[in-house]
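Undergrad: Here you go, one structure.
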Amino acid sequence: MKLKETLNLGKTSFPMRAGLPNKEPIWQKEWEEAKVYQRRQELNQGKPHFTLHDGPPYANGNIHVGHAMNKISKDIIVRSKSMSGFYAPFIPGWDTHGLPIEQVLAKQGVKRKELDRAEYLKMCRDYALSQVDKQREDFKRLGVSADWENPYVTLTPDYEAAQIRVFGEMAKKGYIYQGAKPVYWSWSSESALAEAEIEYHDLVSTSLYYANKVKDGKGVLDTDTYIVVWTTTPFTVTASRGLTVGADIEYVLVKPAGETRKFIVASELLNSLSEKFAWEEVEVLNTYRGDELNQIVTEHPWDSEVDELVILGEHVTTDSGTGIVHTAPGFGEDDYNVGVANGLEVVVTVNERGIMMENAGPDFAGKFYDKVAPIVMEKLGDLLLAKEEISHSYPFDWRTKKPIIWRAVPQWFASVSKFRQEILDEIEKVKFHSEWGKVRLYNMIRDRGDWVISRQRAWGVPLPIFYAEDRTPIMTEETIEHVAKLFEEHGSVIWWERDAKDLLPEGFTHPGSPNGEFTKENDIMDVWFDSGSSWNGVVVNRPELTYPADLYLEGSDQYRGWFNSSLITSVANHGVAPYKQLLSQGFALDGKGEKMSKSLGNTIAPSDVEKQFGAEILRLWVTSVDTSNDVRISMDILSQVSESYRKIRNTLRFLIANTSDFNPTTDAVAFEDLRSVDQYMTIRFNQLVKNIRDAYENFEFLTIYKSLVNFINVELSAFYLDFAKDVVYIESAKSLERRQMQTVFYDILVKITKLLTPILPHTAEEIWSYLEFENEDYVQLSELPEAEDFANQDALLEKWNAFMDFRGKAQKALEEARNEKVIGKSLEAHLTIYPDAEVKELLESLNTNLAQLLIVSALTIAEGDVPESAVRFQGVSFTVERAEGEVCDRCRRIDPTTKERSYNATICNHCASIIEENFAEVVAEGFEV
């Protein structure tokens, strides 16, 4: 036998190298076969419910790192709730209708207009479901625990029927109406868009300053006067029917030198406009308030058959332009509102593909709207005063990345204005985890217009509206419920397979159809109405979930998207918000803080991370950043996270190895019988348990990460485990001192493994497989530990916190001695302490081997004068010398009692007593040399 074999060196086959890319799929397969998710739900039956409702990602393409961050975050929350006494099933979902899938099929050569509608929709459906299957595997590979066999998908018959019923309730309450209001129109998608489908980019546009000649000045202005207007959309001049001024804005009538014409502009803008138009010696002839100009008639710049009326509008400002806005009610929301209020004609001169129509005039017809500025300038002639190229923020179609226009077309709307206050009141009742999120959603609802819910596309849920022979829309409770039942049985494709009459209840009649003939709506619903109905299609309809949901968690872009549409439909139907709490996340940026894009080549695919590091590292990264804001990710950042993971893993490996001969049933020591330092570590660990439990409760992942890493690196590795080796390795295997420390080790190991499970389920499960005395076969089926309180813990903490301050000073003294070559490592030191009365009392009260705690070979507490050479601190001073004696071959301490023993071992008296007591045969025969 060798001397080394008398040490209690930890034994474990738990590997230092995690091998996550290979091991994770093995664990996931085992969990699936063992039905761990289902067993967790069964265990929690009858407990309080917690419903985190999954916002559905769009079923197209592989998941990106933003998807991964979001789904991992949800998984951490749901797992922590499941392990905290809540019944928390998680139903993943997918959004499956909409233009992107139509675009994919178009790129594959599918020509929608040449196919039967039902055949085309089947192709869309098949593609969408293939993407659901692909993404499901992507999410499962992240270790997300969910009801993967029973997800919700917005194209299933039950979901479509639930969506129709949401629409039906809104129709019954009078919230659905048809109008020809201007809407965001995407010529590239040939469809109306909702606000959530708009993104803003900088765009360079041609802006024109031109003048309308006064035709009837109403006794205020002469007919040789011209009203100057500004436009950034020259094509809309073809549909201009009025000029809008601000009632309280001051306008001036001016005559520049050398001009026969007089002009009206806003007084505040005269100087800048004079410079722009090269006007000199401008004479101000008169001033007017805007309301004095109301109802003056001007000529259209080139269309002699059109008059343009001066009207008042609150949207007019003097921030830019001329203080007068040309008004085309067919091409803008403000224009429409003031135009209709003043009886202006609503004219639309651009078709669905962005092409100018015949009513724009022969010079414009057939041309693309964005290419007609030169023609407009030519038509204006000397009415054109200036032209500028301006860069401004402009709305784009978020899918095609092309600019959009406002365009008035017949559309179906949800009247948000009718119940806006009810929505705002509900927002006040929601718990937001960021105050700015509440303000953002509140302001969006407060300021938004009515919701255009119709789309001129194919792949989506039909609007369940019929028309009588006289074109009266029909959407009664009876007809809508009948359609819902048909969709429930056959899916929404039946809308396209049957005639209108066959979709109506048998024997249905309507006074507007004396001949019994009916037609049906060809538009589909906005996809935001699809996902915005999920609270009904899923949360209400699934018995295992509770409505309203406890939590919605998505990216911050969903304030204008899913958070918004879900809120509107839920309040419209039931008068309540669909969520009790709202939590939003920022975007994942690259390592430099730049937005990720394929064109820049700076994207990170979750699959690449899984292959190089493992999903655990991606999961740990999610907790290491503040996801409420934009976060950075790169392979370098993930390498740093991987290093944190390695420290966590190896610390827990040390605990596994050094409790391999510990049976908690027979070997554990009661708290009151632990040494003071072991009690201190137990209390500190329970403080960690409380902090982590609180952080899980408040979804504060970063707090968990920081608390955990700090405890492992500072409290455990740098302190407790550092000196623990002198006990667990050196002392007799069954000694009280060793069992005391093992009790603390085992307690920390078991509980920290449970605390880690929501974040690192694969690693936690691997550790759990080495804990033979724990009852649950999977750690996921256990409960998170509760923090314990102990008698006199405050006094104990105060004492040991004071010691930790003292220890820091001692370490500085040892470091100085190292720098001066007095010692090499601390175990070579004899540390002499010169304490004041308070520190002396502290050290004596610890009742612990101070040399062991400070990892020195010898320690003296001295009285009397402090030597000049001492390292001085407030309340204590130190001197450091090399310890006397020889190095013990067993404990490595320098000890005066170290000598060669008769059994071939050069060891100290303490080690000799352990060997002679526990290894009698070796003492008789001698150690191998």
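Note that Cβ sites are derived from N, Cα and C of the backbone, with glycine treated the same way.
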Undergrad: Looking at 57-67, 233-243, 607-617, 629-639, I want to know which stretch Swiss-Prot calls motif ''HIGH' region'.
TA: 57-67
Undergrad: Need the matching range: Swiss-Prot marks motif ''KMSKS' region' on one of 80-84, 505-509, 555-559, 595-599, and I'd like to know which.
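TA: When 80-84, 505-509, 555-559, 595-599 are checked in Swiss-Prot, motif ''KMSKS' region' belongs to 595-599.
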Undergrad: Quick check: which same-chain residues outside C888, C891, C908, C911 lie with their CB within 8 A of the centre of the Zn(2+) site CB atoms?
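TA: So the additional residues around the site are I730, D889, R890, R892, R893, D895, T898, I907, N909, H910, A912.
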Undergrad: Any idea what the Cα distance is from C888 (Zn(2+) binding site) over to K598 (ATP binding site), rounded to a whole Å?
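TA: Here the two Cα atoms are 62 Å apart.
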Undergrad: Nearest to E554 (L-isoleucyl-5'-AMP binding site) in three-dimensional space, by Cα, is which of the binding-site residues K598, C891, C908, C911?
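TA: Closest by Cα distance to E554 (L-isoleucyl-5'-AMP binding site) among the binding-site residues K598, C891, C908, C911: K598.
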Undergrad: Neighbour count, 10 Å Cβ-Cβ cut-off, for C908 (Zn(2+) binding site): what number do you get?
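TA: A 10 Å sphere around the Cβ of C908 (Zn(2+) binding site) contains 24 other Cβ atoms.
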Undergrad: Considering only the binding-site residues C891, C908, C911, which residue has the minimal Cα-Cα separation from K598 (ATP binding site)?
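TA: Checked the binding-site residues C891, C908, C911; minimum Cα distance to K598 (ATP binding site) goes to C891.
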Undergrad: On the 0 to 100 scale, where does the mean pLDDT of the motif ''KMSKS' region' (595-599) fall?
TA: 80
Undergrad: Quick one: what's DSSP say for C911 (Zn(2+) binding site), helix, strand or coil?
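TA: Going by the DSSP assignment, C911 (Zn(2+) binding site) falls within a helical segment, counted as helix.
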Undergrad: Are there residues of the same chain, six or more positions away from C911 (Zn(2+) binding site), whose CB falls under 8 angstroms from its CB, and which are they?
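TA: Long-range Cβ contacts: I730, C888, R890, C891, A905.
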